[in-house]
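If you check TrEMBL, you get these features:
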type	residues	note
DOMAIN	C:12-380	domain 'Glycoside hydrolase family 42 N-terminal'
BINDING	C:R109, C:N147	substrate binding site
BINDING	C:C113, C:C153, C:C155	Zn(2+) binding site
ACT_SITE	C:E148	active site, proton donor
ACT_SITE	C:E305	active site, nucleophile
DOMAIN	C:394-593	domain 'Beta-galactosidase trimerisation'
DOMAIN	C:603-657	domain 'Beta-galactosidase C-terminal'
Amino acid sequence: MIGDGRLCYGGDWNPEQWPAEVWAEDIDLMRRAQVNLVTVGVFAWSRLEPTPGRYTFDWLDRVLDLSHDGGIRVALATPTASPPPWFSLAHPDALPVTADGVRLHHGSRDTYCAAAPAYREAARRIAGALADRYAHHPALALWHVHNEYGTSCHCEHTARAFRRWLAHRHGTLDALNDAWTTSFWSQHYTDWAQITTPRATQYLANPGQLLDFRRFWSDTLLAAYTEQRDLLRAANPAVPVTTNHVLGDWVPVDHARWAAEVDLVAIDHYPDAVDGGAEEQTALAADLARGWARHGGTPGWLLMESAPNQIHTAGRMHTKEPGRMLRHSLAHVARGSRGAMFFQWRAPVGGAERFHSALVPHAGPDSRVFREAVELGGLLADLAEVDGPVETSIALARDAGSDWALRHPGMPSPRLDHDTEVAAAHRALWRAGYACDVVVPGDRLDGHRLLVLPALYLVRDATAGWVRDHVAAGGHLLVTYLSGVADEHARVRLGGYPGALRDLLGVRVEEFHPLAADDRLPLTGGGTARLWSETVRLAGARAVSTYVGGVLDGLPAVTRHDRGASTIWYVSTRPDDDTHGRLLTQAARVAGVTPTCPGAPPGVEAVRRRRDRASWLFLLNHTDRPQQVPAAGVDLRTGAPVERVRLDPGGVAVLRETAG
Amino acid sequence: MIGDGRLCYGGDWNPEQWPAEVWAEDIDLMRRAQVNLVTVGVFAWSRLEPTPGRYTFDWLDRVLDLSHDGGIRVALATPTASPPPWFSLAHPDALPVTADGVRLHHGSRDTYCAAAPAYREAARRIAGALADRYAHHPALALWHVHNEYGTSCHCEHTARAFRRWLAHRHGTLDALNDAWTTSFWSQHYTDWAQITTPRATQYLANPGQLLDFRRFWSDTLLAAYTEQRDLLRAANPAVPVTTNHVLGDWVPVDHARWAAEVDLVAIDHYPDAVDGGAEEQTALAADLARGWARHGGTPGWLLMESAPNQIHTAGRMHTKEPGRMLRHSLAHVARGSRGAMFFQWRAPVGGAERFHSALVPHAGPDSRVFREAVELGGLLADLAEVDGPVETSIALARDAGSDWALRHPGMPSPRLDHDTEVAAAHRALWRAGYACDVVVPGDRLDGHRLLVLPALYLVRDATAGWVRDHVAAGGHLLVTYLSGVADEHARVRLGGYPGALRDLLGVRVEEFHPLAADDRLPLTGGGTARLWSETVRLAGARAVSTYVGGVLDGLPAVTRHDRGASTIWYVSTRPDDDTHGRLLTQAARVAGVTPTCPGAPPGVEAVRRRRDRASWLFLLNHTDRPQQVPAAGVDLRTGAPVERVRLDPGGVAVLRETAG
Amino acid sequence: MIGDGRLCYGGDWNPEQWPAEVWAEDIDLMRRAQVNLVTVGVFAWSRLEPTPGRYTFDWLDRVLDLSHDGGIRVALATPTASPPPWFSLAHPDALPVTADGVRLHHGSRDTYCAAAPAYREAARRIAGALADRYAHHPALALWHVHNEYGTSCHCEHTARAFRRWLAHRHGTLDALNDAWTTSFWSQHYTDWAQITTPRATQYLANPGQLLDFRRFWSDTLLAAYTEQRDLLRAANPAVPVTTNHVLGDWVPVDHARWAAEVDLVAIDHYPDAVDGGAEEQTALAADLARGWARHGGTPGWLLMESAPNQIHTAGRMHTKEPGRMLRHSLAHVARGSRGAMFFQWRAPVGGAERFHSALVPHAGPDSRVFREAVELGGLLADLAEVDGPVETSIALARDAGSDWALRHPGMPSPRLDHDTEVAAAHRALWRAGYACDVVVPGDRLDGHRLLVLPALYLVRDATAGWVRDHVAAGGHLLVTYLSGVADEHARVRLGGYPGALRDLLGVRVEEFHPLAADDRLPLTGGGTARLWSETVRLAGARAVSTYVGGVLDGLPAVTRHDRGASTIWYVSTRPDDDTHGRLLTQAARVAGVTPTCPGAPPGVEAVRRRRDRASWLFLLNHTDRPQQVPAAGVDLRTGAPVERVRLDPGGVAVLRETAG
């Protein structure tokens with residue numbers, strides 16, 4: 001689509017921060033590293049439109065021409081993530097406002113309210129001007145709208161937009177009052193004008209209001225995106241359009257809802273774990289992106305930003321060990337990314353991110369990082385033939401609404417959220433050697449033998465039906481605690497938890513027993529329960545494991561319910577990681593699913609891509625010891641056939657396997 | 001008074017959150033559980049007055065009629081703790097403002113300023129309308145004004161009211177300047193208009209201003225209460241009026257000052273400790289409530305809210321163990337509560353407190369919690385005959401002002417406050433098997449042999465006289481550190497601490513030595529000192545225990561001063577709990593006071609009520625083992641005489657004893 | 001200068017807080033303690049000008065007369081650190097505003113904006129009135145302008161002043177845009193009016209803006225000072241003028257820039273460490289003050305405030321052990337302080353600092369503290385002859401800008417700052433028995449054999465030249481990590497760290513490796529690295545010690561570069577304290593520098609003052625054991641010659657040594 005058959009490789013290039021003599025050196029170095037795509041103009045608004053309506057495109061003309069001459073294609077950004085100072089001075093009402101009513105000022109980035117008419121108008125104007133000028137430039141490979149939509153606002157523009165959105169969603173105030181349970185604490189609305197955004201208030205806020213505000217705001221940002229996209233598409237329908245999303249609990253975006261609106265799902269990924277956790281986070285991020293593309297029917301996805309070097313962890317930067325950048329990049333490509341892009345090409349001398357890592361660091365090209373960048377360019381060039389979906393028979397559900405709702409105040413435990421549970425299940429599968437597809441509830445399940453629902457808190461009736469259909473078709477199911485408790489408005493389903501899935505699971509949960517942070521409750525069969533436990537009453541299922549000691553002594557912790565060809569598991573707690581892995585492995589075995597590469601040693605990640613009768617096996621050795629893997633094929637780096645793969649410490653291999 | 005001879009049993013019932021078909025089921029279930037009192041309408045303002053001045057009382061008519069038909073009496077609330085959205089939209093100036101100047105918005109509860117004229121007028125209007133309609137309804141047993149007065153404000157309405165209150169309290173600016181020591185840091189006021197509430201300021205605030213602001217605000221809330229009470233009383237003087245208070249350091253209320261203004265002291269109690277601490281907190285809360293009723297000359301008190309199940313601790317919910325709800329309820333009744341009421345009857349599907357526990361939980365009546373509710377109803381019915389005050393000869397002083405002042409910034413240690421010291425002394429007595437009356441300084445002391453003053457920081461001259469009178473009358477006294485240091489304006493008394501009590505104690509404290517959080521300083525005779533120590537100079541007293549090591553090595557830690565028949569103890573530190581218990585036991589023995597039930601094993605709580613020649617003994621086994629107690633009488637549950645009580649793990653017994 | 005040959009001794013005296021009868025007792029007690037200087041009027045504005053323009057000087061007249069009659073001289077303060085309530089009511093626009101936009105209110109101290117015209121005008125008016133009345137009073141020894149300049153503001157007055165300052169500093173917007181790297185994140189300014197103070201913003205702020213705002217604000221406070229000073233000087237040029245500065249990372253003042261504007265550098269010092277740390281902090285504070293006086297060409301410095309007793313640590317007060325006040329005072333005098341002054345004379349009964357310690361505590365003069373105050377007065381009287389600079393050959397550089405810049409967000413580690421590194425180096429020297437001069441980069445280095453640059457992050461070209469000149473002249477140099485990384489605008493110098501000093505050090509640092517808080521990385525030769533490590537490439541230097549294990553295994557940690565007569569050390573990490581001390585000792589030895597008193601045992605601090613051929617040795621025993629020191633001379637307390645000094649636990653001695 002965007003490519004020329006090659007995997008994309010490059011990063012954010014900011015020539016506007018450098019004198020022109022550096023540009024030529026940049027192009028030379030890019031060619032040395034086999035860079036083929038650069039993102040340009042992300043934060044260049046104030047250099048493109050220094051005063052309202054006056055454009056200074058000449059430097060960008062030269063940048064695009066220079067790129068084209070150098071054989072490097074451009075992802076051209078609209079610069080709307082950072083309005084220029086003149087905009088803020090002229091439109092103080094378009095500056096964002098916190099829930100406390102503090103108006104944020106210029107001086108960083110993203111100092112706008114996406115619901116402010118003046119901002120939206122200015123954003124359309126600069127996007128339109130770029131479209132007019134560059135839509136047919138031969139270097140242009142991709143439009144990159146905005147950057148990491150991720151801010152929120154509580155100003156009056158936002159409140160008005162929220163009320164409009166609510167009227168559209170709920171139709172009547174009666175429906176809204178019912179959805180939000182406003183009969184609690186005298187919050188019954190009798191006029192739309194009474195509704196505000198969830199500003200700072202005296203005590204706990206209304207969960208329905210909080211949930212709808214997040215949905216509304218994701219839709220508001222999406223509208224800000226689509227109106228730019230439409231302008232760009234109109235100028236040249238042949239050029240694909242996307243926007244890059246970051247992941248994280250602070251990001252007010254339901255990524256899945258955006259997937260159908262982009263021509264390519266793009267994510268930025270910055271793991272914040274130092275040890276093995278960074279690799280596990282990387283695998284999950286890539287699986288999420290692939291899942292969104294699948295959900296949206298989008299023809300692929302791309303890692304748009306990642307860090308050439310440091311990992312930010314607990315506020316500090318941890319320098320990536322040699323080879324780790326390459327392995328992270330390959331982990332994304334193995335899971336379908338159409339390349340590996342970085343923030344950023346060259347480290348700046350100033351600005352807030354002066355110590356963000358770069359392919360060309362402060363020390364210059366005579367550096368470990370740049371040498372590894374050259375190596376990565378070579379490897380990516382060798383992988384052009386790899387194609388097709390990741391091979392797996394396991395689906396893992398992730399749902400933005402469930403994550404938002406579990407983070408609401410007033411939950412039985414403040415330590416629980418959906419995304420952490422998704423990550424725990426994903427990590428357990430990853431360590432056990434299983435690949436999985438991350439799906440959005442309601443997505444088509446075709447080859448998936450096992451469906452895993454980790455703390456899927458919000459289950460609307462249609463979702464419950466989707467789960468029943470999977471089981472009715474012979475699929476297997478594993479559900480963890482806090483799933484199915486609430487409906488789409490975060491209202492609790494009555495009669496015993498987990499209301500929406502109770503019958504299917506063959507259990508009835510009478511009470512929750514949240515655990516303290518350091519509590520460990522033993523389970524029969526080995527292992528321990530953490531964070532959560534429940535009074536589970538059997539209603540068709542049988543106990544696989546029970547709690548040992550305490551008030552739940554002898555009561556079921558994990559249950560199994562066999563229905564026809566299907567086996568349905570319920571896990572009423574968060575088991576420790578090993579136990580979690582054993583449970584998922586057991587469920588996979590019962591479902592007839594095997595690991596990707598059964599003989600791969602621990603710490604060696606294996607991912608298989610398959611297209612028709614061809615398949616490719618990615619092997620990443622995350623350990624600091626040499627490893628051997630019983631896999632055969634043609635090594636794409638050497639072109640040589642191998643019968644058994646020997647991996648250096650931290651080494652990688654990609655095999656073209658004999659057609660399956 | 002409110003009862004019909006029976007103990008009250010029931011909780012908050014919110015029919016406005018449910019369809020009418022649930023109401024009938026509710027009445028049926030209440031009858032099964034022997035519920036006889038329900039609190040109705042607490043947060044129903046927006047359902048009673050959906051637009052200004054238009055009332056929709058029909059549903060409430062039906063609710064009261066239904067209750068009456070079911071034999072269940074009603075505590076009818078005025079709904080003023082949560083104004084409807086229309087009120088906030090119409091009167092933004094009546095929304096509360098934080099010390100930082102942030103105006104809080106609608107969307108939770110309690111979003112009003114109690115000093116705002118518009119709020120007060122609207123509150124009187126709805127209270128008056130309820131009085132007009134329901135003051136003679138046969139179901140009405142009690143008026144329940146508002147709910148948990150507990151918010152504060154820093155708006156201009158509040159500042160104006162503060163100035164009026166100060167002018168009334170101090171008379172002249174000279175007096176105020178003197179009381180607040182405004183000569184420090186150039187704060188001398190020359191015009192009342194210069195005074196504000198203690199808004200956010202540059203550095204440490206003025207302690208006198210902070211203290212008066214808390215007193216003023218408590219009085220402001222009280223005025224908001226009394227004007228509603230007067231309307232309700234005028235409509236039918238036969239119906240008692242109260243308001244329910246919550247406890248906690250964030251509650252801006254001097255509960256003792258309110259006691260004379262209610263017809264029944266009502267508290268809500270939610271312990272936040274998980275282990276034995278919850279039982280100790282429960283005993284203290286009940287003793288506080290009984291003490292306020294005694295102070296106010298109020299004919300009794302009632303536990304108006306408690307949790308049927310979960311304890312909130314460190315943000316998480318801890319599920320109460322089986323039997324614990326019953327024991328907590330009985331601990332209150334043993335200390336004089338006229339029943340046991342709960343928040344709430346039925347768990348809601350939505351709203352901020354959707355996971356607050358209920359007598360009818362989400363799982364419905366087929367649940368442990370509801371079964372325990374039925375058991376509790378039966379037990380309470382058996383206890384109707386119990387009457388009379390709690391038997392004790394120890395008085396423990398608690399004073400809101402001392403607690404407020406010790407929490408001011410700029411104190412020698414941030415880890416100290418009066419309420420924690422009161423709780424420490426109360427806990428030590430509880431563990432040693434002694435009951436006590438909590439008194440307000442100045443209260444009549446008749447049968448009290450031992451008076452305990454824990455960190456009674458503010459001691460006005462009259463209070464010092466009250467203490468001297470107790471000693472002069474042969475009473476015994478135990479005083480702990482930080483008592484008597486300051487006068488009623490929180491000004492330090494000079495010449496050596498503890499200024500107001502120095503002569504009585506026979507010591508002169510020259511310097512404070514606050515300890516670090518983890519410091520432990522050994523004491524002679526065993527035990528350790530924590531948090532605090534002092535340079536104590538003997539001036540009549542003798543040392544009972546001295547500090548070991550450090551700069552205070554060999555100096556007195558605990559002193560004893562014998563004056564006539566009285567013994568006066570001074571404890572210049574916070575001893576560890578065991579040592580604290582030994583000291584109080586020693587003081588009690590010297591005073592001739594014995595425990596309530598001398599042979600009761602540790603973990604079995606014993607409380608005796610006595611009326612004339614009859615007495616009843618409550619025994620609560622808080623351990624998980626069976627226990628035997630050497631007590632004889634008639635078991636009120638079985639009607640059978642017992643010579644020795646055998647308690648199941650977690651079990652309880654109430655004996656009618658042979659008249660004393 | 002201010003003295004009469006004697007060392008100053010006294011403190012803040014606040015007669016306005018007390019009835020007149022106490023004043024006479026104060027004078028008597030001062031005479032008993034040999035107090036000879038008191039600071040008067042610091043926070044007396046509201047008592048001197050109770051309404052605008054009406055002065056009530058009569059009480060101050062009496063206070064100065066009384067002092068004069070008692071033989072006690074006065075440091076008369078202008079009271080501008082705390083405007084009266086009437087000022088705040090009349091000029092709400094002159095109240096300070098936080099970065100969040102919260103306007104702070106009256107009720108503490110320092111509630112003004114130093115950029116507000118109304119404040120500046122009122123401050124000049126009261127200062128002028130005091131100058132008119134008291135400039136020739138015989139008791140007047142010193143003008144004490146304001147108190148602890150230390151507040152900041154983000155109001156519109158401040159923003160306007162910031163823009164004016166920036167225009168003056170940068171000349172053109174182009175220069176500002178370049179200095180601040182506004183090409184990053186679209187912050188390019190096209191009109192001065194677009195610039196604000198660094199108000200709360202969406203994400204990371206611009207480092208150039210943050211740095212210039214701190215410089216601007218220090219200059220703004222300085223202008224507020226100098227305009228008062230000029231008024232006072234004009235009234236009587238013979239009376240010296242100063243202002244007292246506090247130390248700490250929250251103080252928005254570049255102390256070095258103020259030194260040339262005062263007639264005497266004055267500091268307030270309150271150590272916040274409990275154990276030996278308090279002594280190390282005291283030594284550093286005194287060395288800083290002496291360094292600023294040296295930098296400004298000021299004829300001396302004075303400890304203007306210190307605590308007679310408690311040390312504030314972690315929010316709590318720690319009572320100073322007996323003798324510690326005296327040792328702290330002597331540590332300052334040993335380093336050149338012209339006396340020892342205290343906050344405060346008499347402890348107040350109220351106000352925010354009611355528990356701040358005093359020479360006359362709440363307990364009155366019959367107290368340990370006052371007895372020690374009398375002892376100190378006697379000792380100071382014995383030391384009148386001591387004179388001359390501290391003897392040392394080591395210079396340690398401290399630079400406010402480096403500290404400010406290292407605290408910016410977005411640095412590789414949040415745990416690093418310049419002042420902590422200065423303190424670590426100073427502590428290591430102190431423990432090893434070496435005195436040092438703290439210098440400002442660019443200061444004259446005459447007798448300094450060894451120059452130490454600890455994390456000197458900002459190095460302008462001139463500073464790099466100053467370092468090169470020191471080496472060229474045969475001086476020795478020790479540089480620690482994060483030095484020389486950035487230019488004066490906090491822009492990173494490219495090509496490898498530490499850009500400005502790379503060639504001199506003979507190393508090229510390719511990458512930073514910040515460590516986690518609890519990481520410990522072994523070094524060859526013993527010891528461990530903490531907080532930070534680097535990929536050091538040798539380019540002329542040789543490795544003295546290398547990292548052991550991890551990705552830096554075998555790479556240089558500490559290097560040595562011999563150039564001509566000079567030895568240049570680079571320390572690429574923070575070594576543990578012992579290793580730090582060994583490294584500095586080694587560098588000192590190579591430079592030919594010896595400790596002050598080679599035979600002094602650990603824990604005994606030795607400082608030598610020397611004037612021409614005379615010298616005095618201060619010996620402070622900070623241990624709790626008796627100590628012997630091989631030093632000879634005349635003991636100034638006894639007048640007796642000693643051959644070997646015996647120090648009691650916590651004891652001190654000052655010797656007049658045989659002329660050198």
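Just so it is clear, glycine is given a Cβ too, placed from its N, Cα and C backbone atoms.
Please treat TrEMBL annotations as automatic predictions, because they have not gone through curation.
As the structure is a computational prediction, the values presented were derived from the model and not from experiment.
Proximity to chain B (Cβ-Cβ distance under 8 Å) holds for the following recorded positions out of C:R109, C:C113, C:N147, C:E148, C:C155, C:E305: C:R109. Residue counts for the domain 'Beta-galactosidase C-terminal' (C:603-657) under DSSP, helix first, then strand, then coil, are 0 helix, 33 strand, 22 coil.
Neighbours of the Zn(2+) site: apart from C:C113, C:C153, C:C155, residues of the same chain with C-beta atoms within 8 angstroms of the site's C-beta centroid are C:A94, C:L95, C:P96, C:V97, C:Y112, C:A114, C:A115, C:A116, C:H154, C:E156, C:H157, C:T158.
The Cβ of C:C113 (Zn(2+) binding site) lies under 8 Å from the Cβ of C:A94, C:L95, C:P96, C:V97, C:Y119, C:C153, C:C155, C:H157, C:T158, each of these being in the same chain and 6 or more residues away along the sequence.
Under the three-state DSSP scheme, C:E305 (active site, nucleophile) falls in the strand class.
Annotation for C:N147 (substrate binding site): same-chain Cβ neighbours under 8 Å, separated by at least 6 residues, are C:V42, C:F43, C:A77, C:A81, C:T243, C:N244. Comparing C:R109 (substrate binding site) with C:E148 (active site, proton donor), their Cα atoms are 11 Å apart once rounded. Counting Cβ atoms from all protein chains shown, the residue listed as 'active site, proton donor' has 21 others lying within 10 Å of its own Cβ. Across all of the domain 'Beta-galactosidase trimerisation' (C:394-593), the predicted model scores a mean pLDDT of 97. If you measure from the Cα atom of C:E148 (active site, proton donor) to that of the residue listed as 'active site, nucleophile', you get 10 Å. Cβ environment of C:E305 (active site, nucleophile): C:G11, C:D12, C:N244, C:V246, C:I267, C:D268, C:H269, C:Y270, C:M341, C:F342, C:F343 lie under 8 Å away, each six or more residues apart in the same chain.
For the binding-site residues given as C:C153, C:C155, the lowest number of other CB atoms within 10 Å of the residue's CB is seen at C:C155.
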